[in-house]
Amino acid sequence: MNNKNPYNFYRYFIHLAVSMALLLLYVYPSLSGNWHSVMAMKMITTQYGLYGFINFNLFYLLVFVLLPEPVQRRQHIRMALYIIAAILSFGLLKYLLGACFFQDQVLIKAITFIGRPKLYFTFWEYQLRTIRTGMGVALLAYGYRLFLQWRNTETMDRNLTAAVEEAHQRYERMQDGSRLLLKYLQALTPVLENEAQRDKEGVKAILIFSDLLRYMLYDKAVEQDSVPLKKELYFYQQYLELRGLLHNDQLLQLEMDGIEERVMITPLLLQAATEKHLQQQAGSTEPMLAKIHIGQHVLSLSIGSYHFKTKLYPVHA
């Protein structure tokens, strides 16, 4: 246990408190029945209290120190060696404590009559007892480690699934942005070939197109899937202006209400939603109005009967 890590410190004492509470519930009938017997109380507190604490440390050592890596890597031989070494080491510790301090509470075989010699477990006899107890603790520790491993793996799987979904959405937005830029690059060619439009509409369209190109493909905030709302609205207006220059037969005006607070938004969704709707209205020459409402947590876009909403996020320092 690394006490320098506060998480490990609290984890140890939380597990200790739970284990000791369960042990107390188990021992309580014996405690209440032998409350007035000094010899019985010594035996109960030593065998269940002190040695229960030692067994808990064996359990904790296996679960959080020795078994995590072998279980994760499925190294069964290494795991078995760790378990055997831990059981034998703690068995030796128990015997030494009993031989030095608690012979009559730990090593005694049975209560004898007064005047008869006391019978104690030999070293090997006691080791067999501690090995049986240690195997039970090891099985419990192994099961608990498997549960923790399953829980951690499930969390990792969920995080991996979310990351894959996020990467897929990012890829789709990049694809939509690339197709949109390619479409306007193709629409820009006739404007540049027309001498009447080249000097005015053509130059302005090139400047806006270059600005949008840098934003969609090279802006770091776009790569991180979170841009300031004010910035996204600026480039949305640039997109609408470019579309008006290249498709002046389909007029689209913009109207916004709400306060542009310091919030973040997922980039390029407004452009993609608008373009999708306008392509469905390709044959229409009637003027259209795009209304953007900035709410507290949601931004909504309406173009006629078409409605689109996206979430707004607070700025994290």
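First residue shown is number 1, and so on along the chain.
From the backbone N, Cα and C atoms, a Cβ is placed for every residue, glycine too.
Note that TrEMBL annotation is computational and uncurated.
Noted in TrEMBL for the protein shown:
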TRANSMEM  12-28  transmembrane segment
TRANSMEM  48-67  transmembrane segment
TRANSMEM  79-97  transmembrane segment
TRANSMEM  130-148  transmembrane segment
DOMAIN    197-249  domain 'Signal transduction histidine kinase internal region'
Recorded stretches the transmembrane segment (130-148) and the transmembrane segment (12-28) touching, at least 3 CB pairs under 8 Å: no
State the residues, same chain only, that lie 6 or more residues beyond the ends of the transmembrane segment (48-67) and have a CB under 8 A from a CB inside it; answer 'none' if no residue qualifies. 1, 8, 11-12, 15-16, 19-20, 23, 26-27, 30, 79, 82-83, 86-87, 90, 93-94, 97, 102, 106, 133-134, 137-138, 140-142, 144-145, 148
Express the predicted model's confidence over the domain 'Signal transduction histidine kinase internal region' (197-249) as a mean pLDDT, rounded to an integer. 84
Tally the residues of the domain 'Signal transduction histidine kinase internal region' (197-249) by DSSP class, grouping H, G and I as helix, E and B as strand, and everything else as coil. 44 helix, 2 strand, 7 coil
